Amino acid sequence: MATSGGGSYRNGTHRNSLKVDRPFSMNSNPKTSVKSKPLSSSGLRRSSTGSIGAAKDDAGVPGRVRVAVRLRPRNTEELVADADFADCVELQPELKRLKLRKNNWDSDTYEFDEVLTEFASQKRVYEVVAKPVVESVLDGYNGTIMAYGQTGTGKTYTLGRLGEEDTAARGIMVRAMEDILADVSLETDSISVSYLQLYMETIQDLLDPANDNIPIVEDSKTGDVSLPGANLVEIRDQKSFVELLRLGEAHRFAANTKLNTESSRSHAILMVHVKRSVKGKHSALSSEKGSNLHMKTLRPAIVRKGKLVVVDLAGSERIDKSGSEGHTLEEAKSINLSLSALGKCINALAENSVHVPVRDSKLTRLLKDSFGGTARTSLVITIGPSPRHRGETASTIMFGQRVENMLKLKEEFDYKSLSRGLDIQLDKLISEHERQQKAFENEIERITTEAQNRISEVERNYEDALEEERVKYQRDYMESIKKLEEQLVKNQQKHGFEKVPVRSEDDCSALTSNTESSKISAVEEVSELKKLLQKESLLRKAAEEEVNSLKSQLAQWKRSEASGNSEIIKLRKMLEDEALQKEKLEGEIAILHSQLLQISSEADETRRRLDRGGSGKVPGDLDSLFSQVKLQQQEPGNGEKASVAKLFEQVGLQKILSLLESEDSDLRIHAVKVVANLAAEETNQEKIVEAGGLTSLLMLLRSSENETIHRVAAGAIANLAMNETNQELIMGQGGIGLLSITAANAEDPQTLRMVAGAIANLCGNDKLQMKLRGEGGIKALLGMVRCRHPDVLAQVARGIANFAKCESRASMQGTKTGRSLLIEDGALPWIVQNANNEASPIRRHIELALCHLAQHEANAKDMISGGALWELVRISRDCSREDIRTLAHRTLTSCPAFQAEMRRL
Ligand code: ADP
Ligand code: MG
C-alpha cells in the first residue's frame, strides 16, 4: 500500500493518484488566464542545477503539498540533560523514513518526501524544500512555503535566519530572494514585498506596526487574495530586502512585548510578489527555433504574476489549559483555531475533497490563492530530538502525515510474528515441561521399585541367614546332645561293668585302669564342653555381627531412599519455576495481544479510509484482524471511538491493569510501563481512568517498594494529572498524600521529577488549592528541592508558578484574602534564592511566580522583608524576556507598598 506508493514516487511519478487526477484548488477561480504557459513541459522549466534528486519532479505537481521533516541537533541543554537517553526519533534519510520511538521496544515508521537529519545544511534544506516553489513562482504561479513545529525546533532558523555573520546559515527567505533577484531583470520586472504578523485572528503590518487589523480582500472574479492595507515595498537589491526582514523582526518582537506574549504564539507571513514581462523571453525562444523575427513585434506583452508566501507558523505545542504559562484561554483558542483550520484545509486537499474549509480562519483565507490548485506548496516539519518532548514531536509528525495522506508504516506483522513466536516458544516449553514431568515420574517409579527390591532382597537375605544360623545351632545343639547322650551311655556302661559279678583277672586289672581312665575322660569331657561353649559363643558373635551389618545395610537403603525424596523435591521446585515462567510469558502475550488489538483497530480505521478512497483492497494478512475488530463493532449505534474503548475495556486494558497487581515484579514493571505509555496519549487517558487505572497506579505508589515502579507510575499519574477531572480524582483518592510519601522516600532524580511534575499539574487547578495545601502538597514540593537536579527544580518552580497564578486569580476575584499559602508554607526563601537561577526553565517559572505573588498587596510585607522586592526590581530591569520584564515593572509600579519601600531606600 503505502510502500508501493512511496516507491513509485521515487521513480519520479506521483505517489498518490488521487491528488493528481483531479488537482483541487482552494481558489474557486484559478487564474489560468494570466498564466502564460502550463508547467507540464520540463523543457521549458528553469534549470535547477542545485536541486536534488526527485525533489524537483514531484514539486512540479500542482496542488500537491510536499512535506519534509527536519530534525534540530541537540542543543547544549539537551546534550547534558538527555545524555543518558536516546533521541526520540531515528532518521533513515536514504529511505526517506522516520522512526518515532514509542518506548524501548517499539517504534512507528513514517514516510516523508524528504527527511533532513540534524546534519542537513541550510543550503540543502533550501534546495529541497523551497527551490522548486521559488522556481514555479518565477514561472508565474503562486507558491507557499511553511514551517510547522513546536517552539524551539527551528522554524525561524529554517525560514528566517539572515546569516549575516555566517553566510552558510542563511535561511529560506534570504536564499529565495537571492534566486528571484538573480532571475529577473529589474528594467522590465518588479518585486515587491509585504511582511505581516497574524496574531489572535488579527493581521498586523510588521513594516508599519501602527497599521493593525488589516482586512483581507478577495477578488470575486479571479479569486486573488490581497491586503490593500499592508505596506508593499519594492525590492531592488538583496541588501534592502535583508534590511526589511530585520526591521520586520524588530517590530514583531516589540509588538509581541506590548501584547505581553511571545513571538512563538503568532504567525509571521512574508509575501513576495513577482511581476514579469515575458515578451522578451518568448521572442528569444521563437528565434532559437528559427521562427519569423516579425513575430516579436506582433506578440502582445504579457505580464506574468507570481506570489510567494513564506509562513513561519506559531508554535504547534498544546497550550496549557490552565493558562499557567501566561497565555489566556482566548489566545490558546485562536492559535489552535488557525493551525487546526490549516490542518483541515491541507487534509481536504490531500483527500481531494470538494469542500476546502478556507473560511474557518484568517490564515487559510490569506493562503487561499497560494495553496492547492495550480500553486506549489512545501511544508517543512521541524522537530527536536529530546525524548522529553516525544508527545509534541509525535503530534507534529502526525500533522505532516495528515498532509501526506500516507499510511503510517506500522510494523503490524512484527507484532503478529512476535506473538506467534512467543506462542511457539510457549508450546515448546509446555511440551518440554510435559516430557520432563513424565521422565521425572518414571525415574521416581524406577527408584522406588529398585529400593523396594533391594529392601526385600536384604530382608530375604537376612531371613535366610537367620534361618541358616538357626539350623546350624540346632544341628550343633542336637549333635552336642547326641554326644552327651553317648557319653552318658558310655558312663552307664562303665558303671554297668562294675556291677557285673563275674570278672576275669584281666577284667580286674582292667577295672583299676578303667577307674583311672574314667577320671581322665571326665576331665577331657569338661574341657571339650568348654571348647564347645567357646565355639558356640564365637558363632553367636559372628551371627550378631552379621545381624549388625544387615542392619547397617538397611539404614543405608533408608538413607538412599531419603536422598531420592530430596531429588523429588528438587524436581518439583523445577516444575514450579517452569509454571511461573509460563505464567510470565502468558502475561507478555496478553500485553502483546492488547497491542495487537490496538493496532488492529487502527488498521481497520486505515482500511476504512482506504475504502473511502476507492481502493478497497486489503492484504490477506490483515483480514482476520479486521474481522476481529469488526466483530467488536457490530452493535448498531456504536461509533468507532466506542469500539476502541470497548476493545481496551474488554480485552486489552483490563488485562494490562490486572497485571499491575501481578506477583511477578518484572511483569508488574512491564505492565506499569505499558500503562504509562498509554497514559501519555490524551485519547487513552479517559479509558485508563474509567477502567480503574488511576486507582491501580496510586495503589502501586502505596504498595510497591520498587523505585522503577514508583518512577513510571508517578510519570503516568503526572500525565493523567493534565486533565481537570483527573486532577480532582487524584486528590479525591488521597493522591497528594501518596505523592508526598513517594517524594520523601525517592532518591532517583527522575522519580522526583515525575512526582514534582504531577504535583505541579495539580497546582494549576483553581478548585483544589486549599485541599492540596491542606494535605501537604506545597511542603512536599519544597521538600524535593533537596535533590538539586535542574529538571526536578524546574518542576518544583512550575508548581509554585501554577499555584501562585491560581492564587492571584482567586485574589482578583475576591475569593481569597490574606497572604499567600506559599508564603505561609515557607516557600519564599527558596523562591528568592532561585529567582536568578542559571537554568532558564527554573528562572522563568520563578520570575512568573514572583510577579503573581506581587500582584496581591497582602504579600507585600513578606516580600519586602524576604528580599523578593529586590528580585522583582532586578527582573524588571535585567530579565532577558521583555514580556516578563514589563510585567514585573507594571506590578512594581502598581503596588503602593513597594513604591513606598523603594522611595524609603
Ligand atoms: P522556532 O522558531 O521553531 O521556535 P528557532 O528557529 O528559534 O525555533 O530555534 C531554536 C533554537 O535552536 C535557536 O537557538 C536556533 O539557533 C537553534 N536551531 C534550530 N535549528 C537548528 C539547526 N538546524 N542547527 C543548529 N541550530 C538550530
Ligand atoms: Mg520562531
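Glycine is no exception: its Cβ is also placed from the backbone N, Cα and C atoms.
Per TrEMBL, these features apply:
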- GLY149, GLN150, THR151, GLY152, THR153, GLY154, LYS155, THR156: ATP binding site (BINDING)
- 426-494: coiled coil (COILED)
- 526-595: coiled coil (COILED)
- 35-51: compositional bias 'Low complexity' (COMPBIAS)
- 64-406: domain 'Kinesin motor' (DOMAIN)
- 1-58: region 'Disordered' (REGION)
- 651-693: repeat 'ARM' (REPEAT)
- 692-735: repeat 'ARM' (REPEAT)
Annotated binding-site residues GLY149, GLN150, GLY152, LYS155, THR156, filtered by Cβ under 6 Å to ligand 2: LYS155, THR156
Other C-beta atoms that fall within 10 angstroms of the C-beta of THR151 (ATP binding site): 17
Other CB atoms within 10 A, centred on LYS155 (ATP binding site): 28
Most crowded position, judged by CB atoms within 10 A, among GLN150, THR153, THR156 as binding-site residues: THR153
ATP site shell beyond GLY149, GLN150, THR151, GLY152, THR153, GLY154, LYS155, THR156, criterion: Cβ within 8 Å of Cβ centroid: ARG72, ALA147, TYR157, SER264, GLY315, THR382, GLY384
GLY154 (ATP binding site) CB neighbourhood, other CB atoms within 10 A: 22
Sequence-distant neighbours of GLY152 (ATP binding site) in its chain (C-beta under 8 A, six or more apart): ARG72, SER264, GLY315, GLY384
DSSP helix/strand/coil residue counts for the repeat 'ARM' (651-693): 34 helix, 0 strand, 9 coil
Cβ neighbours within the same chain of GLY149 (ATP binding site) - under 8 Å, at least six residues apart: LYS155, LEU313, GLY315, SER316, ILE381, THR382, ILE383, THR396
Reduced DSSP assignment, GLY149 (ATP binding site): strand
Reported mean pLDDT - the repeat 'ARM' (692-735): 90
